[in-house]
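If you look up Swiss-Prot, you'll see H10 marked as active site, tele-phosphohistidine intermediate. Per Swiss-Prot, active site, proton donor/acceptor is recorded for E88. Residues or ranges marked as substrate binding site in Swiss-Prot (evidence: sequence analysis): 9-16, 22-23, R61, 88-91, K99, 115-116, 159-160. Look at Swiss-Prot and you will find H158 tagged as site 'Transition state stabilizer'.
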Amino acid sequence: MDRLLVLVRHGQSDWNLKNLFTGWKDPDLTEKGIGEAQAAGRGLKAKGLAFDIAFTSALTRAQHTLKLILGELGTPDVPTTREQALNERDYGDLSGLNKDDARQKWGEEQVHVWRRSYDISPPGGESLKDTVARVLPYYCQSILPAVLDGKKTIVAAHGNSLRALVMVLDGLTPETIPSMELETGVPLIYRLRANSTVESKEVLKLG
């Protein structure tokens, strides 16, 4: 049985381009982001991959990325679940702020701690640990059972919500996961064993 799970971070958004903390705010993709999502779809198609089921967040940039990928695959009607549990980390009071302006206001070191520590949250927001605590139960209850049932599964989400999944799949620690970068629009192709551990992982090279 092929237990396929593909993870993809959304393409570049308007606020990525403007260097803003985005979190639960809802900007759409830039032209570059649209191109990244389409390239991801073409790359998956070139590998002969198709999907039985899809999951994405409640935010436009992830939903748009998924729609473009499925369009390139010629399968726009794949059953799709849109779930708030897969949303990006909530940056609280940082949301909508330019990252350089935030560094000027709070200091470079403090902003770095908020962005790259595991369990320290910005004012009014979530830590990465908080994000993991809402993403992983949803993965275990809804996504993983589909994969283990042999349904070819794609998840289009966000840098931090996907970090939570990669942390479990790759066996990373709370110390190492915050510094791991996920490129926009680049699929991670996993195949799982029946016990849910990873049999193989491929980062799909595009272009």
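Using N, Cα and C of the backbone, Cβ positions are placed for all residues, glycine too.
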Can you figure out which of H10, Q12, K99 (the recorded positions) comes closest in space to E88 (active site, proton donor/acceptor), comparing Cα atoms?
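Going through H10, Q12, K99 one by one, the closest to E88 (active site, proton donor/acceptor) is H10.
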I need the CA-to-CA distance for Q12 (substrate binding site) versus H158 (site 'Transition state stabilizer'), whole Å please.
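Q12 (substrate binding site) to H158 (site 'Transition state stabilizer'), Cα-Cα distance: 11 Å.
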Compute the C-alpha separation of G159 (substrate binding site) from the residue listed as 'active site, tele-phosphohistidine intermediate', stating it in Å without decimals.
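The separation of the Cα atoms works out to 8 Å.
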Quick check for the class: what is the C-alpha distance, in angstrom and rounded, between the residue listed as 'active site, tele-phosphohistidine intermediate' and R89 (substrate binding site)?
14
Relative to the Cβ of G23 (substrate binding site), which residues of the same chain, six or more apart in sequence, are found under 8 Å away?
E88, R89, D90, Y91, G92, L94, S95, G125
